[in-house]
Number of protein chains: 2
Amino acid sequence: MAIKNAFYAQSGGVTAVINASAAGVLETARAHSDKIGKVFAGRNGIIGALTEDLIDTSAESAEAIRALRHTPSGAFGSCRYKLKSLEQNRREYERLIEVFKAHDIGYFFYNGGGDSADTCLKVSQLSDTLGYPIQAIHVPKTVDNDLPITDCCPGFGSVAKYIAVSTREASFDVASMAKTSTKVFVLEVMGRHAGWIAAAGGLASSKDCEIPIVILFPEITFEKEKFLAKIDSYVKQFGYCSVVVSEGVKGSDDKFLSDQGLRDAFGHAQLGGVAPVVANIIKDGLGLKYHWGVADYLQRAARHIASKTDVEQAYAMGKAAVEYAIAGHNSVMPTIERVSNTPYSWKVGMAELSKVANVEKMMPADFITEDGFGITEKCRQYLSPLIEGEDYPPYKNGLPDYVRLQNTGVSKKLGEFKL
Amino acid sequence: MAIKNAFYAQSGGVTAVINASAAGVLETARAHSDKIGKVFAGRNGIIGALTEDLIDTSAESAEAIRALRHTPSGAFGSCRYKLKSLEQNRREYERLIEVFKAHDIGYFFYNGGGDSADTCLKVSQLSDTLGYPIQAIHVPKTVDNDLPITDCCPGFGSVAKYIAVSTREASFDVASMAKTSTKVFVLEVMGRHAGWIAAAGGLASSKDCEIPIVILFPEITFEKEKFLAKIDSYVKQFGYCSVVVSEGVKGSDDKFLSDQGLRDAFGHAQLGGVAPVVANIIKDGLGLKYHWGVADYLQRAARHIASKTDVEQAYAMGKAAVEYAIAGHNSVMPTIERVSNTPYSWKVGMAELSKVANVEKMMPADFITEDGFGITEKCRQYLSPLIEGEDYPPYKNGLPDYVRLQNTGVSKKLGEFKL
């Protein structure tokens with residue numbers, strides 16, 4: 001087998017552990033220098049490939065690559081850019097081939113979620129469609145946990161841990177304050193289509209640490225009266241409660257609850273989150289004092305409290321992608337296969353990319369309690385292992401010592417390309 | 001010296017380390033059982049004293065008390081309840097004495113901020129004003145960092161660390177996304193009167209990890225055009241930027257920026273935070289994509305990323321309070337005295353309570369850069385040591401193993417008291 005260079009890119013929303021997958025790809029490729037030459041990373045994802053804006057990762061020290069494992073976000077830059085179909089935009093695929101040829105690239109590693117899996121699938125078909133021999137392997141990543149086949153998605157476990165920890169902590173806080181002040185704490189979390197992240201808030205309550213938590217899932221239509229009755233009963237029983245609300249919750253009019261048509265004093269439309277809306281509903285309906293928070297990027301960037309399980313799986317996916325490529329595979333994605341729950345064990349599997357692309361894994365209905373406000377024991381058994389273990393980054397002067405790569409550009413060999 | 005019992009209560013907004021002070025009080029009192037009998041905690045702060053709702057802390061195991069050191073929030077419940085002056089509400093003071101007498105209480109430890117210092121001062125004067133011999137010692141606590149004399153306040157260092165870490169992490173995130181998506185991340189933090197917490201966001205950027213951060217302090221009147229020019233220049237230079245905005249920022253009309261008179265589609269007033277307001281200003285003024293988060297309780301409950309320095313100081317304040325009481329002091333507060341910056345060292349001092357109560361320590365003007373958007377080197381030297389060190393709690397099943405005390409009530413000896 002002739003030595004070929006590889007291309008690696010990060011795609012879509014970044015996570016606390018996508019760089020751990022990058023470390024897995026890069027360290028494994030370096031360990032197989034008899035098979036893989038240089039790994040070129042796309043600056044800002046696939047845009048880097050299209051514009052021939054490549055980063056020479058061989059310029060980075062082993063120490064820097066190792067530090068990616070504990071650094072959140074996308075070290076090479078990410079992008080939201082989905083390739084259209086070959087029929088719709090043949091020009092982009094021909095450009096990719098031009099760039100791959102110019103830099104002797106025979107391996108394509110794409111680190112992303114559902115949309116990216118589709119792009120990766122299209123690249124994997126370039127041998128057939130346009131006659132350019134390339135092996136394309138998808139490296140799974142998404143905080144939304146919605147890729148099919150794989151038991152879970154790297155990036156999700158760390159968000160889940162962050163939300164579970166934060167919900168427990170804020171609940172302890174509101175419990176202390178409830179006598180004379182705040183009785184309800186509302187936390188808004190990500191998840192526009194699926195309630196995986198909101199579900200993780202339910203882990204904050206456990207048998208040895210019971211906490212009244214009301215979860216608002218995007219899968220469940222919001223019913224105001226039912227919601228207020230639930231809050232009221234919890235506050236009467238416990239003195240306080242916490243609400244974890246998914247940004248994607250909709251009302252019976254099928255509109256996002258966050259989309260309240262808010263106007264400022266001048267009548268200008270204002271964008272708000274769903275947390276203040278829910279807080280206002282509680283104030284208006286029950287007259288209870290509340291506080292609300294919006295985790296936003298904090299939740300998916302929180303490498304400081306990443307799940308050890310998640311970090312290990314993210315790394316393993318990057319490593320397996322390279323190993324699969326070396327073994328001759330194309331158009332596949334490494335997966336996480338759950339072997340057992342207690343003790344939790346898992347192994348690396350493999351999925352056909354054609355079965356991954358454009359398929360969204362939703363929360364099973366039996367993961368949500370009958371009243372629609374909580375998680376079932378089955379859901380708990382699924383989620384719990386994913387937040388297990390801590391994997392603290394090193395600190396310097398009180399702050400996490402995250403790495404920034406040099407990101408040395410590769411000399412361009414081709415003309416410009418307009419996106 | 002006859003053995004007397006002690007009263008301990010937590011007051012006002014809780015913190016990640018107020019229970020560490022409680023551990024300091026309780027462990028030190030236990031170590032001096034020849035001087036101090038039982039420590040009774042007020043259930044829900046001073047309300048527990050007024051209503052004779054006392055908790056017998058002697059029922060808690062040494063292990064449970066030890067675990068307070070790593071548990072956030074107020075283990076005995078807190079309250080927002082300020083005693084009026086003796087002239088205005090003599091009845092409450094007489095009731096306190098009645099309760100103290102009934103339970104042989106000779107020591108009063110009050111763990112709180114500025115308002116609580118005032119209450120503690122009044123209690124310390126009960127020997128003079130109402131002839132009841134009591135020693136009252138204030139244990140400093142406030143995330144607002146606004147108590148005078150002491151170099152810093154327990155609770156602040158951990159919020160500062162949380163905000164610095166979160167700002168760095170979210171900034172890494174937005175930097176990755178900036179090419180095709182979000183260019184500005186806005187984080188709302190606590191601090192209605194003083195910008196101490198917002199200032200901590202500035203620590204996210206350091207010499208070896210430069211990050212463009214715009215801080216909006218409550219001390220500085222918000223000027224839209226100047227703010228937009230700053231954001232614009234940062235985004236042009238770095239491709240992205242982060243904004244850390246204090247909830248207390250005001251415009252030139254002296255109104256809170258968060259108070260935008262928002263109305264929903266039906267004309268109902270809606271309460272929002274300042275983060276979405278700032279985000280909308282950026283969108284309208286510069287057309288940039290943004291994300292925003294509101295840390296709220298998460299910041300002050302985040303024991304999982306508490307500052308080791310803060311934990312140690314919080315414990316030391318509780319310990320010193322008991323030692324001062326045993327040494328015969330009354331109407332004082334232990335303080336933190338900074339001995340040197342590099343390496344950071346500090347020692348325990350003592351302040352007269354009369355000099356603490358009703359005095360607010362503001363940010364020095366020379367801690368804010370001339371343009372009003374950043375922290376000076378002097379500010380950095382003050383803040384940096386306060387976030388130094390990590391002090392992770394133990395974990396169980398992926399979650400921090402925080403303690404909940406039994407909080408066994410003490411039999412009442414008196415009649416009811418209406419608040």
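Placement of Cβ uses the backbone N, Cα and C atoms for every residue, glycine included.
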Of the candidates A:Glu92, A:Glu247, A:Glu352, which does TrEMBL annotate as part of the substrate site that also includes A:Thr142, A:Val143, A:Asp144, A:Met190, A:Gly191, A:Arg192, A:Tyr297, A:Leu298, A:Gln299, A:Arg300? A:Glu247
Chain B sits near which of the recorded positions A:Gly13, A:Asp115, A:Lys141, counting only a Cβ gap under 8 Å? A:Gly13
Please report the Cα separation of A:Asp144 (active site, proton acceptor) and A:Gly13 (diphosphate binding site) in Å, rounded to an integer. 10
Nonlocal neighbours by CB distance (under 8 Å) for A:Asp115 (site 'Important for catalytic activity and substrate specificity'), same chain, sequence gap 6 or more: A:Ser11, A:Gly12, A:Lys82
Measuring Cα to Cα, how many angstrom lie between A:Gly13 (diphosphate binding site) and A:Lys141 (site 'Important for catalytic activity')? 9
Same chain only, sequence gap of 6 or more: which residues have a CB within under 8 Å of the CB of A:Lys141 (site 'Important for catalytic activity')? A:Gln10, A:Ser11, A:Gly12, A:Thr15, A:Val17, A:Ile18, A:Ser21, A:Asn111, A:Gly112, A:Gly113, A:Ser116, A:Cys153, A:Pro154, A:Gly155, A:Ala314, A:Met317
Tell me the Cβ neighbour count for A:Asp144 (active site, proton acceptor), meaning other Cβ atoms within 10 Å of its Cβ, over all protein chains shown. 24
C-beta crowding around A:Gly13 (diphosphate binding site), within 10 angstroms: 24
Simplified DSSP label at A:Asp115 (site 'Important for catalytic activity and substrate specificity') comes out helix
